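As annotated by Swiss-Prot, S-adenosyl-L-methionine binding site applies to Met141, Thr142, Lys143, Gly162, Gly167, Ile185, Tyr186, Asn187, Lys188, Gly189, Leu190. Summarising the annotation, Swiss-Prot assigns site 'Interaction with substrate rRNA' to Arg54, Arg95, Arg98, Arg102. For Asp56, the entry in Swiss-Prot reads site 'Stabilizes Arg-54'.
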Amino acid sequence: MTYNIILAKSALELIPEEIKNKIRKSRVYKYDILDSNYHYKAMEKLKDKEMRGRPDIIHISLLNILDSPINHEKKLNIYIHTYDDKVLKINPETRLPRNYFRFLGVMEKVLKGERNHLIKMEEKTLEDLLNEINAKKIAIMTKTGKLTHPKLLKEYDTFIIGGFPYGKLKINKEKVFGDIKEISIYNKGLMAWTVCGIICYSLSF
């Protein structure tokens, strides 16, 4: 069986036009990708600022996913759905840079529309993506969901993990054909990359 793993509403985006004039590039950070560590002041009045500007979450999560046994067995479809409704389909054989800044360089090119044979980008909503991949049993990972033992994760074919630091993932369930359940794998909140690791490990064995 092949599973789908989606980092949703991910805090990975180009610097929004409305704050571009407030940001100056430096020797340390020369990328056009929003990062709250470097753009905190410019983001003060940005809508949903608490959810945005954390590409490091996506970087670490992808490193965990790509190096998992289930991915090496080619039984995983990997998607990044971004805050501004772009979807990146990650080829399972992608060798992602381990260096954060090199990762930003790759993602900046992809988000600007440069062709990459391992990372394909399209514009679509999360709901459209779920219907397109024919997701039937969908698990939204949330700390307030039904506590579920990791060994039961194989009952689902699609897993949605919030790719942002704070806030709640909103999804219009009426627009999704598949059955959606909110579940939790621990009684406290976990970082996205930890959740990704647990899911991938549980599906591998």
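Don't overthink the numbers, they just go from 1 along the chain as shown.
Glycine is no exception: its Cβ is also placed from the backbone N, Cα and C atoms.
Mapped onto this structure are the features recorded in Swiss-Prot.
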residue: Arg54; record: site 'Interaction with substrate rRNA'; Cβ within 10 Å: 21
residue: Asp56; record: site 'Stabilizes Arg-54'; Cβ within 10 Å: 18
residue: Arg95; record: site 'Interaction with substrate rRNA'; Cβ within 10 Å: 8
residue: Arg98; record: site 'Interaction with substrate rRNA'; Cβ within 10 Å: 9
residue: Met141; record: S-adenosyl-L-methionine binding site; Cβ within 10 Å: 25
residue: Lys143; record: S-adenosyl-L-methionine binding site; Cβ within 10 Å: 14
residue: Gly167; record: S-adenosyl-L-methionine binding site; Cβ within 10 Å: 14
residue: Tyr186; record: S-adenosyl-L-methionine binding site; Cβ within 10 Å: 14
residue: Lys188; record: S-adenosyl-L-methionine binding site; Cβ within 10 Å: 6
residue: Leu190; record: S-adenosyl-L-methionine binding site; Cβ within 10 Å: 16
Candidates Met141, Gly167, Tyr186, Lys188 (binding-site residues); nearest Cα to Asp56 (site 'Stabilizes Arg-54') turns out to be Gly167
Between the two most distant Cα atoms of the S-adenosyl-L-methionine-binding residues Met141, Thr142, Lys143, Gly162, Gly167, Ile185, Tyr186, Asn187, Lys188, Gly189, Leu190, the distance in Å is 19
For Lys143 (S-adenosyl-L-methionine binding site), the closest of the recorded sites by C-alpha position, picking from Arg54, Arg95, Arg98, Arg102, is Arg54
Simplified DSSP label at Lys188 (S-adenosyl-L-methionine binding site) comes out coil
Cβ contacts within 10 Å for Arg102 (site 'Interaction with substrate rRNA'), all chains included, total 12
By Cα geometry, the one of the recorded sites (Arg54, Arg95, Arg98, Arg102) nearest Leu190 (S-adenosyl-L-methionine binding site) is Arg54
Nearest to Met141 (S-adenosyl-L-methionine binding site) by C-alpha distance, among the recorded sites Arg54, Arg95, Arg98, Arg102, is Arg54
Whole-Å Cα distance, Gly167 (S-adenosyl-L-methionine binding site) to Arg95 (site 'Interaction with substrate rRNA'), is 30
